[in-house]
Amino acid sequence: MDRQMLSTMKDAMQIDIQELQSATNFGRLMAVFLWIYGLMSPVSGIIADRLSRKWLIVGSLLVWSSVTYLMGLATTFDQVFWLRSFMGVSEALYLPAGLALIADYHTGGSRSLAVGIHMTGLYIGQAVGGFGATLAAAYSWHTTFHWFGIIGIVYACILAVFLRDKQREVNPSEVKVEKPKSMGVFASMKSLLGNVAFWVILLYFAAPSLPGWATKNWLPTLFAENLNLPMSQAGPMATITIAASSFIGVLLGGTLSDRWVKRNIRGRVYTGAIGLGLTIPSLLLLGFGHNVIGIICAGLLFGIGFGMFDANNMPILCQFVGARQRATAYGIMNMVGVFAGAAITNVLGKWSDNGDLGLGFAVLAAVVAVALAVQLFALRPKTDNME
């Protein structure tokens with residue numbers, strides 16, 4: 001929510017900070033967050049596997065909410081730029097720790113649903129952040145940043161009181177034998193990168209990240225071009241379509257996966273594969289469709305499929321990576337996904353300039369199909385919770 005607000009309040013902010021009238025400068029603000037967020041993700045995962053996940057989550061929320069509050073005090077472009085940079089660091093610290101803590105608590109048949117419910121928060125946050133411009137028009141962009149920041153700070157205090165780390169159950173006899181509680185950073189990374197299944201999961205995660213970021217950044221433009229709509233209509237139509245259907249997808253995918261894995265250990269892999277499979281025809285329809293109903297249906301299909309995929313990333317990772325390396329592993333996955341998103345955003349920008357944005361979306365379907373085939377062939381878990 002906090003990161004989305006900047007993009008929606010650009011018009012209001014550029015009245016007071018004239019440098020934001022430059023698309024180049026605004027692009028720098030978007031880019032610095034993306035690159036720092038991506039680079040810090042593996043670092044945050046390493047930290048989360050060694051320190052308290054609770055306090056990393058609380059500290060991350062407290063810092064980025066404070067940054068949001070301070071954004072309302074900014075008067076120059078440089079101040080906004082550095083605050084945006086700090087937000088990239090603080091937000092990167094959250095996701096690996098948050099998902100790892102959820103996986104710690106949900107070791108049985110509720111893991112995918114729990115992750116899915118958590119992911120709905122990201123979708124809702126993006127949607128609520130989209131109303132930043134509305135609030136800025138009603139009050140001011142300064143006040144909007146202030147109140148969203150205050151809400152986050154208060155919530156961080158609530159989490160500090162009620163959130164708990166999951167205590168690992170160990171027999172008294174095991175305590176004397178297990179002196180080292182965790183591997184060193186380099187040993188952990190060597191073990192993780194030597195796991196062939198992790199490389200397959202990395203591909204499985206990165207490939208759908210391409211259309212995932214493409215829809216976030218370019219779907220409104222595609223709707224406007226293919227349907228000949230003004231951006232004021234195409235933007236809400238695109239974002240609401242994807243957010244609402246993804247919400248359904250994570251709940252559907254989480255429930256299905258948790259039930260299926262009880263009967264078949266590859267149930268989570270199959271559920272994720274179904275989700276990816278749904279995105280393939282939807283990308284083709286999004287790329288080549290020129291009918292409102294057809295494109296809306298394609299967007300709904302993509303959102304449901306991507307939601308099913310999203311709900312099962314961490315649960316599948318837990319089938320191949322132990323609890324003490326999961327945050328690190330997800331941090332690396334998140335970095336690769338973000339960098340893939342940055343790359344595809346630039347590529348589709350060039351295709352859009354040439355009038356081939358729809359073709360670009362269709363090409364992404366082939367990339368997802370390759371990742372889907374590799375996933376089904378290579379991912380064969382032997383347990384639902386690797387220790």
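From the backbone N, Cα and C atoms, a Cβ is placed for every residue, glycine too.
As recorded in TrEMBL, the features of this protein are as follows:
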type     : residues : note
DOMAIN   : 1-383    : domain 'Major facilitator superfamily (MFS) profile'
TRANSMEM : 29-48    : transmembrane segment
TRANSMEM : 55-75    : transmembrane segment
TRANSMEM : 81-103   : transmembrane segment
TRANSMEM : 115-139  : transmembrane segment
TRANSMEM : 145-163  : transmembrane segment
TRANSMEM : 184-207  : transmembrane segment
TRANSMEM : 237-257  : transmembrane segment
TRANSMEM : 269-286  : transmembrane segment
TRANSMEM : 292-309  : transmembrane segment
TRANSMEM : 330-351  : transmembrane segment
TRANSMEM : 357-379  : transmembrane segment
### Summary
One stretch in 237-257, 269-286, 330-351 has more Cβ pairs under 8 Å to the transmembrane segment (357-379) than the rest, namely 269-286
### Task
Answer with yes or no whether the transmembrane segment (145-163) touches the transmembrane segment (55-75) by the criterion of at least three Cβ pairs under 8 A, sequence separation 6 or more.
yes
### Message
Same chain only, please: residues at least 6 beyond the ends of the transmembrane segment (237-257) with a C-beta under 8 Å from a C-beta of the stretch. Say none if there are none.
### Response
112-117, 119-120, 123-124, 126-127, 130, 215-216, 219-220, 222-223, 229, 267-268, 271-272, 274-275, 296, 299-312, 315
### Task
Within the domain 'Major facilitator superfamily (MFS) profile' (1-383) only, compute the mean pLDDT.
84
